[in-house]
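Worksheet: one structure, shown below.
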Amino acid sequence: MNNCELSVQEFVDVLDTLWPRELAEDWDAVGLVLGRPSASVEKVMLVVDITLDTVNEAVAEGVDVIVSHHPLLFRPVNSLVEDEVKGHLVAALVRAGIAVFSAHTNADAVDRGTSESVGGALGLQGMTPITPSVTSDAGIGRVGTLPSPVRLYDLATQLGRLVPQTAGGVKVSGDPDQMVSRVALCTGAGDSLLDHPEVLASDVYITGDLRHHPASDVQQARQLGRGPCLIDVSHFASEWFFLDGVRHTLQQDLPDLDIRVSDIVTDPWDFVVHPG
């Protein structure tokens, strides 16, 4: 037992100071979504996704709280029968007494959030949000400048070394030898920002889940002399990176807790085939 016992609700109060709920998008589902607020917390696991594998890991390790980036119950659920995925997950978590807290777009928006963590690791300077929040200086995405211009290939390689390896790797649209300096980035799925003025004014845009047609439009616009190069990284990998910073912050604030980042890769793709 910890010297100073902490309840789930007290832990949630700490998390709410890191990721204020008012910064979440209206459509989002954040906060404590499962668990007993009065239960005690000793062991915490940080994940991007709550999946069968990460839940099994949490149960095996005796975790009290899972803090996830992606919400467990994001879309409406009409049934929780155990032979369906959501029902199986919820039942397993309830049986094990594991609480679940999710910080999604509010964790994207804050300082030291998902995008700013990646930007900091890449060395971006003078970072500002792509879309500022109306209530604070936070916001979605980041745009900043590298200390000195680098080749597009070298920037993509640096990014690939920062994030977990996934089947899809790091995909790039642009001349590998082009020098880039101004970088826009949005972790997760960011093609909704492709036509944002801050993105269009950048040399390269780093994001994930880019669809064919929007990416093709940017590629063709670049051939006409406008628009950024593109770096497309796994949705999971781009958001996993910030979890270690979260672990460090929480461990400083709550040194009695056992906090770890799951190393399970929850990217949904297992392999790619390159026919010979």
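Cβ atoms here come from the backbone N, Cα and C positions, even for glycine.
TrEMBL lists HIS69, HIS70, ASP108, HIS235, GLU239 with the feature divalent metal cation binding site.
All features noted in TrEMBL, drawn onto the structure.
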{"residue": "HIS69", "record": "divalent metal cation binding site", "CB count, 10 Å": "25"}
{"residue": "HIS70", "record": "divalent metal cation binding site", "CB count, 10 Å": "19"}
{"residue": "ASP108", "record": "divalent metal cation binding site", "CB count, 10 Å": "28"}
{"residue": "HIS235", "record": "divalent metal cation binding site", "CB count, 10 Å": "23"}
{"residue": "GLU239", "record": "divalent metal cation binding site", "CB count, 10 Å": "27"}
Residues flanking the divalent metal cation site, with Cβ no more than 8 Å from the Cβ centroid of HIS69, HIS70, ASP108, HIS235, GLU239 and excluding those residues themselves: VAL48, HIS104, ALA107, THR114, THR187, GLY188, PHE236, SER238
Per DSSP, three-state class assigned to ASP108 (divalent metal cation binding site): helix
